Amino acid sequence: MKAYLHVASGKTFSGELAAPLEEKVSGEIVFFTGMTGYQEVLTDPSYKNQIIVFTYPLIGNYGINENDFESKRPHVEAVVVYEASREGFHYGAKYSLAEYLQHWNIPLLTHVDTRALVKEIRTAGTMMAELSLSPISAVGGVEAVFPVRAVSTRTIETYGEGGPHLVLVDFGYKKSILQSLLARGCRVTVVPHDTAPEAIDALKPDGLVLSNGPGDPKQLRHQLPAIRQLIDRYPTLAICLGHQLVALATGRIRKKLRFGHRGANQPVWDAVKQNVMMTSQNHSYVVKEGSLVGKPFDIRFINVNDGSVEGIVHRHKPILSVQYHPEAHPGPHDTGYIFDEFLQTVFKGENVYA
């Protein structure tokens, strides 16, 4: 069946539905540049309320397995590809891409000129889009949504035994972040995004992790006073959305990139190690560099492609905040040492970042 992808810039792209579309869906349209890792992308809560375009021309050739989910379900609004493999050619595959999306009633649009579509997004910027059975566009503006509430846990759960006790504040965390901490011998308590500082104090953590998540960080501005209290009390590692919240809580300014960074091959310069690391990224917002002038933060990580801020460290407090995903999945594990550096501050109670 034919369907139409209408983008807010006024253009329309047609394709064929490989997974059902009952009427229409809308969301912010973004693109992912990795050749692999589609299963992790689909189940990353950070993609909540977004329509994802995969730039690689063939997606789904190794299917969907039971081990590479980043959460219990996919969070994207729709998937757009040039070609979707009808089978998963891997011994661990349980479903094809289309079968998996059909199970969750997420539309899959194929045979789209994704090259032209991505060029339009790069030119016009990230924008709203609508996938519809009608060739007539009715794309609206950006919806006033609060996606973090939809993906954050509603209960407090603890994983692992012994080791340092960390509280992971869940703004939409990826399973791989939890696994990276458990693999290093930590005991991790996952709490809802709006857990009060007093409730976290009662858990007696040795350190704090602020997770990734979807949406505009300013939608969480009501939580900035609580975040400010927490990062003053505990060694802190902040990732992606958590990084932006640390910046906002300490008076920094965030800005939106034209089309964001989404891929498993983003080069980042580490000013401490004096080396370039390949990173996995998924974000539309960055910390504005000028807002760090005269503040007690140093820029440690810089995106090689566009010079944007990819990570900051506090000069006097054990706060390490990164825009990229050190846990990867998908992507290289070049920056896994970030977890080790964070745990050094937890064990020693001192700042070793700078």
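Using the three backbone atoms N, Cα and C, a Cβ is placed for every residue, glycine included.
Per Swiss-Prot, these features apply:
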ACT_SITE  CYS240  active site, nucleophile
ACT_SITE  HIS325  active site
ACT_SITE  GLU327  active site
BINDING   SER46, GLY213, GLY215, LEU241, GLN244, ASN282, TYR285  L-glutamine binding site
DOMAIN    165-352  domain 'Glutamine amidotransferase type-1'
REGION    1-163  region 'CPSase'
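Maximum C-alpha to C-alpha distance over the listed L-glutamine-binding residues SER46, GLY213, GLY215, LEU241, GLN244, ASN282, TYR285 is 13 Å. Nearest in space to GLY213 (L-glutamine binding site), taking C-alpha to C-alpha distance over the active-site residues CYS240, HIS325, GLU327, is CYS240. Within 8 A of the CB centroid of the L-glutamine site residues SER46, GLY213, GLY215, LEU241, GLN244, ASN282, TYR285, the other residues of that chain are PHE171, GLY172, ASN212, PRO214, PRO217, CYS240, HIS283, SER284.
Of all the recorded positions given, namely GLY215, HIS325, GLU327, those whose Cα is no farther than the 10 Å limit from the Cα of the residue listed as 'active site, nucleophile' are HIS325. Every protein chain shown contributes to the tally, and the Cβ of LEU241 (L-glutamine binding site) ends up with 28 other Cβ atoms within 10 Å. Between the binding-site residues GLY213, GLY215, GLY213 has the most other Cβ atoms inside 10 Å of its own Cβ, all protein chains included. Using a 10 Å Cβ-Cβ cutoff, TYR285 (L-glutamine binding site) registers 22 neighbours.
Around the Cβ of HIS325 (active site), the number of neighbouring Cβ atoms within 10 Å comes to 28.
Of the listed recorded positions ASN282, GLU327, the Cβ environment within 10 Å is emptiest of other Cβ atoms at GLU327.
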